[in-house]
Amino acid sequence: MTYFNIDKVSYEGPTSTNPFSFKYYNADEKIGDKTMKEHLRFSVAYWHTFTADLSDPFGVGTAQRDWDDLDEMDKAKARVEAIFEFMDKTGIEYFCFHDVDIAPEGKTLAETNANLDIITDLIKEKMDATGKKLLWNTANNFTHERFVHGAATSSHADVFAYTAAKVKKSLEIAKKLDAENFVFWGGREGYESLLNTDMKLELDNLARFFKMAKAYADEIGFTGQFLIEPKPKEPTSHQYDTDVATAHAFLQKYGLEDVFKFNIEANHATLAGHTFQHELRYARDNDMLGSVDANQGHPLLGWDTDEFPSDVYETTLAMYEILKNGGLTPGGLNFDAKPRRTSFAQEDLVLTHIVGMDAFALGLRVAHKMIEDRFFEDIVDNKYASYKEGLGAKIVNDTTSFAELEAHALELGDIDLESDRLEVIKSRINQYILTINNEG
Ligand code: XLS
Ligand code: NI
Ligand code: NI
């Protein structure tokens, strides 16, 4: 059975008008010392692309899929066939999933686990045959009603135990399928009101949970990178892993900073009132940048709309941070993004990934050129030049004191400061984006 009636999507260059072609993503082309494929490490999100029905809070699902009429287990098997065909045709090497995305939940945990065994056997067979890889998997500990008061931060110890059992199974799956990372997104780990919440106990328990997860991963020999995915709100009004800085402080408090890195989602950054670049920079500066959920929010909507990335300005700034980080490996760019409800045809799944891949490919081309030119690097070097010598160097080397600084200040006349010329930077980025060519 064929699910996508198209040829393999190939690179046709920026002037192509074929919607089923890449305009900027040329997998084997080298940008600097790596191919585009090696830089970008694209991944398909199972849930949005193969499980979701495109329903929203106001309307039923609109997605038209070949597997719609099958029973649950056959549906799960059809989706496995479909995602491997999809990865072959789009040239995407990686995929990601939650436990509930790939197999139906049974009446008991044991039944659910048995379903997972059947489907992960099938996935493993396909992986072995095709060489496709699992970027990360995770456990969905937020959809089912038992997680209404949280999962690892639930007010009920039985829910904590259930959550542990699900993560235990997911770690076993990660080991079985050789996942390169393992994600924790705290779906219901937050609160609605502090007046009925023991925040300290909940956060202490969350740390206990992470420590046990790490101990189990070590026990079974799973060596993939653990990732935390911050998000400030939605579904709870306050999510504990609000943003990178908050989650980093949490990890440091509990001595977990060497166990985790961050999986940074663009739309979560904007919900937190940050730019995507800010979150990437904060993580990079602290050696905590692990992976990326590549999507974008809608500028007029204040929730996690998970649109496919198409804004080249944003992808350029993101790729700037990623290149400065020395890449993302073992992380990647996972399209945690879905078609709009109005794009309900099966082939739309291909088109959405094309726009996202091209947007990041173009961002990579531009960012690489900017870094080669040292345009921003020279601006920054010049801006902080006063810290390279004299008293500035003493500040940076921790060899001065308030007394010496006061003595210096008392001798100063007017301090000569330079304009930042912010507009030159903005205009220069536009120039870079608009003039990049595919040989750039
Ligand atoms: C939800 C999150 C979720 C995580 C994985 O907003 O982005 O999809 O990526 O649980
Ligand atoms: Ni995400
Ligand atoms: Ni999200």
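Numbering starts at 1 and runs along the chain as it is shown here.
Glycine too: its Cβ is placed from the backbone N, Cα and C atoms.
TrEMBL does not curate its annotations; it predicts them automatically.
Listed by TrEMBL as binding Mg(2+) 1 are Glu265, Asp293, Asp336; the candidate from Glu229, Glu372, Glu377 that the record includes in that site is Glu229.
Sitting within 8 Å of the Cβ centre of Glu229, Glu265, Asp293, Asp336, and not among those site residues for Mg(2+) 1, are the Cβ atoms of Trp185, Lys231, Asn263, Ile264, Ala266, Asn267, His268, Val292, Ala294, Asn295, Asn334. Within 8 Å of the centroid defined by the CB atoms of Glu265, His268, Asp304, Asp306, the record's Mg(2+) 2 site, lie the Cβ atoms of Lys231, Ala266, Asn267, Leu271, Asp293, Asn295, Gly297, Asp336, excluding the listed residues themselves. Distances between the Cα of Glu229 (Mg(2+) 1 binding site) and those of the recorded positions His98, Asp101, His268, Asp304, Asp306 are shortest for His268. Note on proximity: of the binding-site residues Asp293, Asp304, Asp306, Asp336, the one nearest His98 (active site) is Asp336, by Cα distance.
Proximity to ligand 1 (Cβ under 6 Å from any of its atoms) holds for these recorded positions out of Asp101, Glu229, Glu265, Asp293, Asp304, Asp336: Glu229, Glu265, Asp293, Asp304, Asp336.
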